[in-house]
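According to TrEMBL:
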- M46, G195: substrate binding site (BINDING)
- R122, T168: ATP binding site (BINDING)
Amino acid sequence: MEDLTTIEQLLEQIKAQKPLIHHITNSVTINDCANITLAIGASPVMADEVEEAAEMTTHAQALVINIGTLSTRTIPAMIASGEKANQKGIPVIFDPVGVGATPFRMRVAKELLETLHFSVLRGNMSEIKALAGLETHAKGVDAGDDMDDAVSIAKQLAKRYDCIVAVTGKEDIVSDGIKVATIKAGHPLLAQVSGTGCMSNSLIASFAAVTSDSFSATIAGLYAMGRSGEIAFNNLREFEGAGTFHIRLLDAISLLSSNTLLEGGRIYVHS
């Protein structure tokens with residue numbers, strides 16, 4: 001997927017099909033996730049009560065599980081919905097937010113990875129290294145800066161969990177265990193807005209809902225976020241900063257087209 005034709009086609013399918021994306025996600029960013037799902041052309045639902053979670057998943061075309069504001073109340077809902085999604089054969093995206101920060105997060109993340117089959121595992125470098133059992137200096141849920149060994153770690157985890165692994169940072173790395181994509185798009189202000197990673201999950205899920213190719217869907221979601229970040233920054237006026245950038249980001253996502261996709265970043269796919 002060295003060119004952007006696939007992304008354009010998938011974007012058109014999202015807008016035509018309006019897939020339902022079920023989120024069991026971070027309460028800090030839940031509104032942003034709902035809005036960016038709508039902006040890309042899909043439909044969000046945020047049901048995290050175990051009494052209805054699995055039933056809600058039966059209506060969805062993709063599921064996002066995010067442990068950002070992890071609680072014992074939502075873990076059973078995550079498992080029930082994940083199992084239903086696996087039975088139904090719809091894509092499941094997992095974001096192990098802050099997994100290296102506490103033993104509780106690590107224990108739950110490993111339980112989810114061992115119990116469910118995920119289509120896509122997305123995290124920053126600190127989170128991915130923690131899941132790989134490597135030393136990390138994660139503090140809270142902030143992203144680590146070291147991307148030197150991102151490719152080898154992504155390949156390792158992709159093979160271990162039979163899924164697509166995305167390592168997001170200044171450059172995004174996506175691997176299926178064999179192929180690797182490097183996405184060069186975005187702007188530093190994306191790191192100054194809380195929840196852009198969570199929103200990326202929603203975009204990946206929206207693309208994954210309309211294709212069986214999770215590798216391409218992950219690239220598409222991350223490229224859409226990065227390219228929209230570039231557009232949002234370019235549309236800022238004097239004395240406008242992170243707050244306005246946040247709004248401009250949603251605007252850019254909602255207005256993505258073949259023209260705006262072609263004007264920005266780059267995607268490189270190799271083995």
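Cβ coordinates are placed from backbone N, Cα and C, and glycine is handled just like the others.
Features as recorded by TrEMBL, highlighted on the structure.
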residue: M46; record: substrate binding site; contacts (Cβ under 8 Å, 6+ apart): H22, H23, I24, T25, I30, C33, A34
residue: R122; record: ATP binding site; contacts (Cβ under 8 Å, 6+ apart): I93, F94, D95, V165, A166, T168, G197, S200, N201, I204, T218
residue: G195; record: substrate binding site; contacts (Cβ under 8 Å, 6+ apart): N26, V28, T29, D32, C33
In the three-state scheme derived from DSSP, which category covers M46 (substrate binding site)?
coil
If you draw a 10 Å sphere around the Cβ of T168 (ATP binding site), how many other Cβ atoms fall inside it, taking every protein chain shown into account?
27
